[in-house]
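First comes the structure, then the notes that go with it.
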Amino acid sequence: MADHAQSAPGAGGTRRDFLYLMSASAAAFGTAAVVWPFISSMNPSGDVLALSSIEVDISGVQVGQAITVKWRGKPVFIRHRTPEEIAAAKKDDPQVDPANPKVIVANPAGLRDPQTDASRVQKPEWLILVGVCTHLGCVPLGQKASDPRGEYGGWYCPCHGSQYDTSGRIRKGPAPLDLEVPLYAFETDTTVKIG
Amino acid sequence: MTAVFKNPVIRWIDHRLPVFSYLQHEANDYPTPKNLSYWWNFGSIAGFMLMVMIATGIFLAMQYTPHVDHAFNSVERIMRDVNYGWMLRYLHMNGASMFFIAVYIHIFRGIYYGSFKAPRELLWIIGVLILLLMMATAFMGYVLPWGQMSFWGATVITNLFSAIPVVGDSIVTLLWGGFAVDNPTLNRFFSLHYLLPFVILGVVVVHVLALHRFGSNNPTGIDMKGPQDSIPFHPYYTVKDMYGLGVFMLFYAFWVFFAPVALGDPDNFIPANPLSTPEHIVPEWYFLPFYAILRSIPDKLTGVLAMGASIAVLFILPWLDRSPVRSGAYRPAFKRFFWTLVFVCAILMFAGKYAPANYWLPFELTIVPPEYMAAQAHLESVDALWPISFAGGHFGIQIITLGQIATVYYFAFFLVILPLLSIFERTLPLPLSISKAVLESHGGGAQSSSAAAKEKA
């Protein structure tokens, strides 16, 4: 290109430079406008987004039992916790500022991702979590009575040995964060809507 | 041959792998005749359409399901639910038509200006091969939405191979992977429809390599004789190509955004039903001329052979037209026969579109069933009608007869007219050089002598 620009009179700022700049901008803008629909088509489609919430009947889940349901293609753990499990979870709670429960003032149990048990449940006996290890996405064990649950009685991830407590908080192993709590609401005492 | 680059990284790479030198030589400096008209834009437009088809196709394949139970619905899902899925699909659907428009213009330009003649015979043959590959790809792509026309088009076209004596039926069974067009057929068509565009891409690269051996032909049909006859490809033809491409994209966008289904068949919006054939099966517009040739001949095997021959004749075109003058601009008789060929191809397209028994009333611009013509002529049966009829003052010609006349001209043009013209035509004097021709057309000096037609041959 530079070779031909020489034919224009004067050094910089010729009409030809202006034309090059305008053509290149138009081409860049046009290309971006074309590329966007292609990229966007790979995002979740309308029919996928339409399946983003489910209702679960939890009337049959006894104390100490847990069920796994599928939500957005991922497992959701619903555990009906025993009073001992609730107590164990509360025992390791970090201390929070009473005026603002989001501010942690002390963390005696040394939690990696400190959260109080109360902030992770709506009803203490029902713990609802996305059952995906925050390390690399495996599904932790601990839903069945025969599963290993790790040292803290919660969940144990077989892939790289992450251990979660009875509030689903990360306690040991490589995972960086607590198990995610999905958006949910109790529609009745026995029905919960997830998503 | 190696160019000098300022950027040290480019220089380092170019010394070891002279890809930049090659590009500089073949896409930048590449000496091109300075008199190319806009008819020379359609090669690059066709290349652009191939890219569009591959890009949209790859993204559509991410959403499509090649299974008889899901194919139709997966296409509807692309249309309704996938983000911009409607746009990708309409770009792809109409892109096929645009690709054929560009390629057909490109081919007719090649015939008119003698671009197939020595030393560009192989370039031409590779081009015809691209056309064949395109036809196979387009046909298999049309089957994928699994609508009624997809299914029955696939059935009819694969059945063409049953015309082959002895082994025909076995070949058809092999193509189907079963006893009818079914899931195995759909699966293999999807696989091949994804593969063939990349094969086309490879052949296009060979096409361009062959082109660059002697460079582009030009409207005068005479060779470049020196630097005064040529200009570098960049920026002169990159700009000209981009301008033409912009205009063509406006045309393409018109179809995509304002008439996206106008070129398609409404029957293909009905899911495929192997138990019920649509009343009237027609291929897409770009196959209509070949379909008309097929139907013109009432014998199965001969019809299929004639359709194959209509493409095959293009392969031997360089040896049918032996006239030493390349460009039609200097061949007064050829010019007339050429435009008649273009018109005849349009007639074939028209004849392929309508049911063969119907009558076309050219003066009334309408098409009527044979029963109407019989009633006009006070005949008791349509069997008593002539193919060309003046029934009750209505001049009508039967669609099949129209197709037959056009088919005869199509083959006569290549097999009879061109060889005879090569011997008997009195051509006009050629300009001395491309430069002279350009200057003359702008009011330059008079022409006294003429150049030899094909020096490199």
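Each residue, glycine too, has its Cβ placed from N, Cα and C.
These features come from TrEMBL:
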DOMAIN    B:9-220  domain 'Cytochrome b/b6 N-terminal region profile'
DOMAIN    B:223-432  domain 'Cytochrome b/b6 C-terminal region profile'
TRANSMEM  B:38-65  transmembrane segment
TRANSMEM  B:86-107  transmembrane segment
TRANSMEM  B:122-144  transmembrane segment
TRANSMEM  B:156-179  transmembrane segment
TRANSMEM  B:191-211  transmembrane segment
TRANSMEM  B:242-263  transmembrane segment
TRANSMEM  B:301-317  transmembrane segment
TRANSMEM  B:337-355  transmembrane segment
TRANSMEM  B:395-421  transmembrane segment
Would the transmembrane segment (B:395-421) count as touching the transmembrane segment (B:156-179), if touching means at least three Cβ pairs under 8 Å and pairs must be 6 or more apart in sequence? no
Please indicate, using numbers and ranges, the residues of the same chain that are 6 or more beyond the transmembrane segment (B:156-179) and have a C-beta under 8 Å from a C-beta there. 139, 185, 187-188, 281, 294, 300-301, 303-305, 307
Non-local residues, at least 6 beyond the ends, that sit with Cβ under 8 Å of the transmembrane segment (B:86-107): 39, 42-43, 45-46, 49-50, 52-53, 56-57, 59-60, 75, 78-80, 127, 130-131, 134, 138, 141, 248, 251-252, 255-257, 260, 263-264, 284-286, 314
For the transmembrane segment (B:301-317) and the transmembrane segment (B:122-144), does the number of C-beta pairs under 8 Å, pairs 6 or more apart in sequence, reach 3 or more? yes
Looking only at the domain 'Cytochrome b/b6 N-terminal region profile' (B:9-220), what is the model's average confidence as pLDDT? 96
